[in-house]
Every structure is written in structure tokens, then in C-alpha cells.
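Working notes, structure below.
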Amino acid sequence: NLSEVSEFRLLGFSEVSHLHPLLFVVLFSLYILTLMANTVIAVIINGDNTLHTPMYFFLTQLSCLDICYLSVIVPKILENLMVGTIGISKTGCAMQMFFFLFFGVAECFLLAAMSLDRYVAICYPLHYTIIMNSRACKSLVAGTYICGTAVGLVHTIITFSLPFCGLAINHFFCEIQPLLELLCGNTSPSEIQVIVVAVFAIVGPFLLIIYSYICIISTVLKMSSAESQQKAFSTCSSHLLVVTLFYGTASSMYLRPKSSYSASVDKLLSLSYTVVTPLLNPIIYSLRNEEVKGALRKKWRK
């Protein structure tokens, strides 16, 4: 009976140990680039008064979430690549799972809040400043953190209150699916729990985003000027691209039964949304946004 286990072993990329040095260099470089890119975005927005609008307030929050989200996962990956299989205490594993869920779920709801902001800006432009005032924006952000905390606590407490019959986690961090593999007996209730959480944290915000964009498209198509239509769509294109990247990988991870679980595929998907997506977010928003590029040029001249 290993229900009293006090430590797990993270196997990481043990199946490709000969590639560890290369993977370490690549992931460390991506980690530093992501931290720098998101920090620059946050600093530029906070330092330019012309960018003190709801859209850029949410973008700053997204950059902060991406930095925290990445920092929960990547240090352990780098340690694993340096020394091979590493140990992590049960408490440490639970904390890693909680913060991973907290930041991930908060980002899901933040993306929904950003779609709501675009919906109000395009569908109700004359009332935009009244509806999306400072208090409303802060309340939306607080709501994203509350949802993240609730999901993280409930899921972590339930998972770690169950007995474990294994120690080796075939992953590079305390991910949900590999931990389900270690539970004793029938894991169907835990699988249902994962799906319920995924429906709440992924499908719920995604449906709100879909509804927002249906209303946005309907409003834009009614505009008489082609230039106005193009301008309206351009303000949403970056957000749509970020949503596609984030929700595409997240849904493929959690909205599927355990029977279709594959450790190698799971690791690749995890790398895509824990390492690649946080790097692409600031690039997408800076390269596709004239206001951000203008602020960057202004800062560069100074």
C-alpha cells in the first residue's frame, strides 16, 4: 500500500536521454526569451499613457500570467534535463499541480474577458468607456483569479486525498493525466472529475468567446464601410490567434478519455502550451498591433 508515499520521481525525457543537452539549451533559451518578451510588453504598456485602456490592461495581465505559468513548469524541466530523473515531494507535487491549474484556468477566463472587451468595443462603441470602466476591468480580472483558485484547490485536494500505487510520474512535471495512472483501483471517478473541471474551465469560457465573436461578426458585417470592417476585424485578429493556440492544445489534452492517453504525445502537447504559447502571445500582440509597435519604437528612441 503506497498511499502514504511522500515523494514521486519525475521521469521527464528519460526515453531520449541522449538529447538532454540539446533540449536544455533550446528550452532554456525559450524560457529566457519568453520572460523577456512578456516583461517588455508589460513594461511598455504600463509606461505609455496612450495604452492605458481596458484591452491593454488585460494584455498586461496575460503577460504576467504567462510569466508565472511558465515559471511553475520550466525550472523543473531544466533540472530534469541536467540530472535525469529527479524526485519531488508529495507536497511539492501538489503545489505544482495547484499553481499550474491556477494560472492555466485563470488564463482561460482572462481570454474570455478579453473577448468580452472586444464585444463591447465593437457592438457598443458609444457605451464602451462606461461599461468597461476601471472597476469592471478589475472585477473581471479578480474573477479570473477566483475561478483559478477554486479549480486548483478542488482538483488538487481531491487528487492527493486518493491512494497512490506508484511513484514514477512519466512526465516532466506533476501533470493530471500521468498522476491518474498512479492511482490505486478504479480511476473512473477521477477521470470524470478531470472532464468536469475541463468543461468548466475550458468549454465554459470558450463558449463565451464563441458567442462574443458571433455578435462581433454580425455587427461588423452590418457596417457600410469596408475600411471600418477591416479595422474592426484587425482589433480582434491577435486575440483570435492566441485563443486558437491556447484552447487548441488545452482541449486536446483534457477533453479526451484516459484510454487515448499517450505519454509521448502528452509531453509534446504540454510543451506546446507551457513553453511555446507563452512565447508566441507577446509576439502576436506586438507584431500585429500598430499601437504596441509605436510604443516600442518610442521607447527604443528614448
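Using the three backbone atoms N, Cα and C, a Cβ is placed for every residue, glycine included.
The domain 'G-protein coupled receptors family 1 profile' feature in TrEMBL is assigned to 37-285.
The feature transmembrane segment is assigned by TrEMBL to 20-44 (among others).
Per TrEMBL, the feature transmembrane segment maps to 56-78 (among others). Within the same chain, residues 10, 12, 24, 27-28, 31, 34-35, 38-39, 41-42, 45-46, 86, 88, 96, 99-100, 103-104, 106-107, 110-111, 113-114, 117, 137, 140-141, 144, 172-173, 242, 274-275, 277-278, 281-282, 285, 291-292 sit at least 6 positions outside the transmembrane segment (56-78) and bring their C-beta atoms closer than 8 Å to a C-beta of that stretch.
Sequence-distant contacts of the transmembrane segment (98-120) (same chain, at least 6 residues past either end, Cβ-Cβ under 8 Å): 54-55, 58-59, 61-62, 65-66, 68-69, 72-73, 127-128, 131-132, 137, 140-141, 143-145, 147-149, 151-153, 155-156, 173-175, 197, 201-202, 204-206, 208-209, 212-213, 215-216, 235-236, 239, 242-243, 246-247, 250. Look at TrEMBL and you will find 98-120 (among others) tagged as transmembrane segment.
Residues annotated as transmembrane segment in TrEMBL: 140-173 (among others).
The transmembrane segment feature in TrEMBL is assigned to 193-220 (among others).
The transmembrane segment feature in TrEMBL is assigned to 232-250 (among others).
Among residues of the same chain six or more beyond the transmembrane segment (270-287), those with a C-beta under 8 A of the stretch's C-beta atoms are 27, 30-31, 33-34, 37-38, 40-41, 59, 62-63, 66-67, 69-70, 73-74, 171-173, 175, 238, 241-242, 245-246, 249-250, 253, 293, 296. Among the features that TrEMBL reports, transmembrane segment is placed at 270-287 (among others).
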